[in-house]
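Here is the structure we will look at, set down as structure tokens.
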Amino acid sequence: MPLSVLSLTLGIFALVTTEILPVGLLTSLGSDFAVSDGMAGLTMTMPGLLAAPAAPLLTVATARADRRRVLCAFMALLTLANVLVAVADAYWLVLVSRVLVGVTIGGFWSVAAGLAGRLVPARSAGRATAVIFSAVPLGSVLGVPAGTFLGDLAGWRTAFAAMAVLSAGVLALMLLVLPPLPPPAETTRPAVLRALVRRRGTRLALLVTFLVVLAHFGTYTYVGPFLERVTRMGPGSVTLCLLAYGVAGVCGNFAGGWAVVRHPRAVFGAAAGTTGGALLLLPLLGGNAGGAAALLAVWGFAYGAVPVASQRWFANAAPGAPEAASVLFTASFQATISLGALAGGAVVDASSPPALMAAGGAVAVLALAVIALPAAATRPPAGAARGSGPPGPRSAPGSGARDRTAAGG
């Protein structure tokens, strides 16, 4: 896989790790600034809420800029955000840094998610997309536990300082290996986004993504309390279960990336249905440690395919505007992450962790029902799924040779 693709993978890894790093550091961070757990929790909810509107706004604002320069600028902003939280002497500075993280997620992800087709030959675009999206589960499996361990060992500021160093290293790598990437001829304008949203395929992609991500983050946010109270696992066993979930997610990401090239709707449907089945079975079989661990692994494998399947569906719905498709994908994903966590909290407070798992399973099964609508209702535009990767943009004047060189063609 070219270093240009790996640089984007590392960039998204740094983004994901930075976004969810506070999960393991909330107690110590809140204690240092003498703020409540709820106030400290803003460090988790703010980035996702800001990334959703940032995705379309920033992509439109930078529509005529070279994509390499845009990506490097956002990675520099992520470095600044991590430095700011590492040296913050007041909590409001921490929140400012999290605003910058949200802006970076919205801008960087929208551009990077649709670039695979410009960096590798068409036959390898599906695999390159899977490599880029593997950064999402890897951030959970490797980045957050490592950051939490470092924070416990040397303080939470050290963990964010380490992320600043990683972000700066990724910036240097991108400057070295990313080729010039002129903006596509079909630039991302408000009119383009409005036209995409009016398409039936795009609306279905938005609905299915909303339902699956809502089901996942509404339940996964509270899987720890389920394992502790229902399965009665200790902290060490919970950590091992979550690690197994993450490893399965990485495997599911690559399996989905391989299969989604020719069967995007089937992969998305299988991921939604399997996720729903695992969640519905957790209240029944999750009282046993073995059953809970097995279902978590199945859940992780299934959900691991969701980001790449969702991105592919959006790309198929907009074969002439892959970057605009990535904008809608990013905005819908990030908005639903925050909404899912809030909705899950409301359900678990009003009922119980098993009831929450059952509710999440029902929502995922509803997503499967939407996907299973007659094929004519959700079939992508003719020719959209014939290539081996997401459709690439029409090259801007003078960009064809550079893109072919970047792709190794």
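Glycine is treated like the rest: Cβ placed from N, Cα and C.
TrEMBL: automatically predicted annotations, no manual curation.
On a predicted model such as this, the values are computed, not experimentally measured, just so you know.
Some features that TrEMBL has for this protein:
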{"type": "DOMAIN", "residues": "4-379", "note": "domain 'Major facilitator superfamily (MFS) profile'"}
{"type": "TRANSMEM", "residues": "42-63", "note": "transmembrane segment"}
{"type": "TRANSMEM", "residues": "70-93", "note": "transmembrane segment"}
{"type": "TRANSMEM", "residues": "99-116", "note": "transmembrane segment"}
{"type": "TRANSMEM", "residues": "128-147", "note": "transmembrane segment"}
{"type": "TRANSMEM", "residues": "159-181", "note": "transmembrane segment"}
{"type": "TRANSMEM", "residues": "202-222", "note": "transmembrane segment"}
{"type": "TRANSMEM", "residues": "242-261", "note": "transmembrane segment"}
{"type": "TRANSMEM", "residues": "268-286", "note": "transmembrane segment"}
{"type": "TRANSMEM", "residues": "292-315", "note": "transmembrane segment"}
{"type": "TRANSMEM", "residues": "327-348", "note": "transmembrane segment"}
{"type": "TRANSMEM", "residues": "354-376", "note": "transmembrane segment"}
{"type": "REGION", "residues": "379-409", "note": "region 'Disordered'"}
{"type": "COMPBIAS", "residues": "379-388", "note": "compositional bias 'Low complexity'"}
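Residues 1, 5-6, 8-13, 15-17, 19-21, 23-25, 112-113, 116, 119-120, 159, 162-163, 239, 243, 246-247, 249-250, 252-254, 256-258, 300, 304, 307-308, 311-312, 389-390 of the same chain lie 6+ residues outside the transmembrane segment (128-147) yet bring a C-beta within less than 8 angstroms of a C-beta in it. Counting Cβ pairs under 8 Å that are 6 or more residues apart, the transmembrane segment (327-348) and the transmembrane segment (99-116) reach 3 or more and are in contact.
Long-range Cβ contacts of the transmembrane segment (268-286) within its own chain (Cβ-Cβ under 8 Å, at least 6 residues beyond either end) map to 208, 211-212, 215-216, 219, 226-227, 230-231, 252, 256, 260, 292, 295-296, 298-299, 301-303, 305-306, 309-310, 313, 354-355, 357-358, 360-365, 367-368, 371-372. With pairs at least 6 apart in sequence, the transmembrane segment (159-181) and the transmembrane segment (70-93) have 3 or more Cβ pairs within the 8 Å limit; the two touch. Below 8 angstroms of C-beta separation, residues 196, 268, 271-272, 275-276, 279, 303, 306, 310, 313-314, 317-318, 325, 328-329, 332-333, 336-337, 339-341, 343-345, 347-348, 353, 356-357, 359-361, 363-364, 366-367, 370-371, 373, 377-378 of the same chain, each at least six residues beyond the ends of the transmembrane segment (202-222), sit close to that stretch. Beyond the ends of the transmembrane segment (99-116), by six or more residues, the same chain brings 5, 8, 11-12, 15, 18-19, 46-59, 62, 67, 70-71, 74-75, 77-78, 80-81, 84, 125, 128-129, 132-133, 181, 311, 315, 322-323, 325-327, 329-331, 334, 389-390, 393 to within a C-beta distance below 8 angstroms of the stretch.
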